[in-house]
Amino acid sequence: MDVLSNFAGGLELALSAENLLFVLLGVSVGMMVGVLPGLGPAPTVALLLPITFGLDSTTAIILLAGVYYGAMYGGTITSVLLRIPGEAASVVSTVDGHEMAKNGQAGRALGLAAIGSFIGGLVATACLILFAPALADFALSFGSPEYAVLALLGLILVSYTSAGTMTKSLIAVGIGLILATIGQDPMTGGSRWALGVPALLDGIDEVAVIMGLFGLSEILNNVADNRRRRSSIRNVGRVLPTGRDLRENAGAIGRGSVIGTGLGLVPGGGGVLGSLVSYGVERKVSATPERFGRGAPQAVSGPETANNSASISTFIPLLTLGFPPNGVLAVIFGALLIQGVTPGPTLIADHPEIFWGVVGSMVIGNVMLLIMNIPLVPLFVKIAEIPPEVLAALTVAILIVGAYSINGNAFDVGVMVAAGIAGYLLRRLGIPPAPIVLAFILGPIFETNFRRSLILSDGSFGIFVSSPVTVVLLIAAMTVLASAVLPKVRRARETIEAED
Amino acid sequence: MTDHTGMTDRTDADTDRVLFARIGFGVLSTLAALTTLAAFTTLDLGSAAQPAPGFWVACVSVMTLLLVVAALLNPRIVLDEVSRISKSEASVVAQAVPLLVLAPSLLTTLGLIITTAIASCYWFAVVTRTGLVRSLIGAVAITVGIEVVFLELLQVPFPAGSWTGVR
């Protein structure tokens, strides 16, 4: 009953005029971002951070969450019609989705993806409602060693699931952790590596770093593509799926919901991993696997369901453990900190309005997206044709103004620019930005709990294997490391990646 | 030079890519080594029982240095996902960098509105080589949009430019 009444309260909060407006704004921006190739949900959420400064904390997170799951819906449109994934989680749909479009079934692909995403979104939201409070209660028993080991596991998992070799992702983690040490020592409050610069005494502003690493580096990375033009399939056809379509895809949508929801909980997981695994599973269980790659509807409905459900279930570790499992959630973590709210096990008890308001908004947002998706496809195709140079110029202007608006000083703009140029060069060296951001955000938490644990144990590292929770987490971390290092397992992983 | 199979071009591109990766990881190794040195020489490390501010920094910088050196010594790792910056890309990015580097100074001296107009116009005209008329129209549209959202709707208290007195 508690859960139901809390959920009803959350729905009521999300249905207030202001929040309803920001749900609509969030999912609309998310759809556009999903449609526009080259600007993923993480850079956009980073771009929108300055806009949230003046908002109530619940409204701010409602807006940013809407952008994230809205992008999952939007990404399908360009994948199917243009064969260009608007964002990474929709890569899988470029194959079968576009094949369906070439066969005059674009509307069918988009309709199935929209309905699958809607169902997946609701399943993940239900899990958020049912399991998040229990997980938060469990996490209340965590001490410093558990948090330190959890941070370690999270960073290892994020490195494991990032693109490229794990060594490079771990280097990215190292860079993020080092950057996080600049400024105030989190335990003594003393200055560390401020280099006599007053603006560095409080450390590097995380919003400026995030905007640079995700936003500016993305723009610089794509700047050479600015004159490229795209052609699209304009004949969308019937979007609403038939009863037969739904029956044939019910299994794929059901499996996609479970896979996406589960993988969203894993650090480093989220939409990309969910859609890839769902595609692999659908091909394995299909009676006609030879149709995959030639326009199989289940190859669109399953992965698209999985990426949306994963984008919602990723909020469970953030809102219960205070642990951002991927880059987008790291930005939302930063947004909560700016609002004076520390994500963690006490968030649901201390700020129920944020948790239940966001949950309520997810239900409403998914309904809005379903309604918008089907009739507005032609409009979003037009958005995808916005000249990239216009988008790039607008983004650069927003980045400069947004970084300036953090504290009203130009130093943050300099930090954003430096992070952007460094991020661009690191990307070209194969070092991904997401682990840098996650490590930068998690760095102070990791350091504080690591040092506190050592003080508690009088310098004994045995404290990190002193409880069942830390042992399980360490075994998981070691297993992940071993699977990346052992050649046999590594080759198998590479084969799976190549197949996907 | 290219033979009829295009082999020479491919070999040149591969050599450039290897060189780019090696230089990049060389710079990273140097930075990681300097960070490690600075951690050990400028910060108090304390002990395992009483870790001081430098303890964590030392652990993290040593780990990073080891990883960077391991990558540098392993061609498979160092070349993974490396995408060399072509001359045309470098030229476009080089045109963007002056604007980005000057942006903080422009904001403090000229204020937000004029800086946004200059930055947008520069980006259109110089970085993406858009025609002058389209650049001007685009810059005006973006500046008006930024002013409406940040100054009028969100009421963000931006300081005025020291030279212009305009926000």
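Along the chain as shown, the residues are counted starting at 1.
Glycine is treated like the rest: Cβ placed from N, Cα and C.
Whatever TrEMBL says is automated annotation, not expert-curated.
Over in TrEMBL, the protein carries these features:
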DOMAIN    A:20-438  domain 'DUF112'
TRANSMEM  A:20-39  transmembrane segment
TRANSMEM  A:45-69  transmembrane segment
TRANSMEM  A:109-132  transmembrane segment
TRANSMEM  A:138-158  transmembrane segment
TRANSMEM  A:170-187  transmembrane segment
TRANSMEM  A:207-224  transmembrane segment
TRANSMEM  A:318-342  transmembrane segment
TRANSMEM  A:354-374  transmembrane segment
TRANSMEM  A:386-404  transmembrane segment
TRANSMEM  A:433-450  transmembrane segment
TRANSMEM  A:462-486  transmembrane segment
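Residues 169-170, 173, 266-269, 320-321, 323, 325-326, 344-346, 434-435, 438-439, 442, 445-446, 448-450, 452-453, 456, 463-464, 466-467, 469-470, 473-474, 476-477, 480-481 of the same chain lie 6+ residues outside the transmembrane segment (A:138-158) yet bring a C-beta within less than 8 angstroms of a C-beta in it. Three or more CB pairs closer than 8 A are found between the transmembrane segment (A:354-374) and the transmembrane segment (A:20-39), so contact between the two stretches is assigned (pairs 6 or more residues apart). Pairs of Cβ atoms less than 8 Å apart link the transmembrane segment (A:433-450) most often to A:318-342, out of A:109-132, A:318-342, A:386-404, A:462-486. Sequence-distant contacts of the transmembrane segment (A:109-132), counting only residues of its own chain at least 6 positions beyond either end whose CB sits under 8 Å from a CB of the stretch, comprise 3, 7, 69, 72-73, 76-77, 80, 93, 96-97, 100-101, 236, 238-241, 245-246, 249, 252-253, 256-258, 260-261, 264, 297, 300-302, 304-313, 315-316, 319-320, 348, 355, 359, 362-363, 365-367, 369-370, 373-374, 377.
Summarising model confidence by region, the domain 'DUF112' (A:20-438) averages a pLDDT of 86. Long-range Cβ contacts of the transmembrane segment (A:45-69) within its own chain (Cβ-Cβ under 8 Å, at least 6 residues beyond either end) map to 13-14, 18-19, 22-23, 25-27, 29-30, 33, 121, 207, 210-211, 214-215, 308, 311-312, 315, 328, 331-332, 334-336, 338-341, 351, 353-354, 357-358, 361-362, 365-366, 369, 395, 398-399, 401-403, 405-406. Remark: the transmembrane segment (A:20-39) contacts the transmembrane segment (A:386-404), by the rule of 3 or more CB pairs under 8 A. Using a Cβ-Cβ cut-off under 8 Å and counting only residues 6 or more beyond its ends in the same chain, the transmembrane segment (A:170-187) has close neighbours at 155-156, 158-159, 162, 193-194, 200-204, 209, 426, 431-444, 446-448, 451-452.
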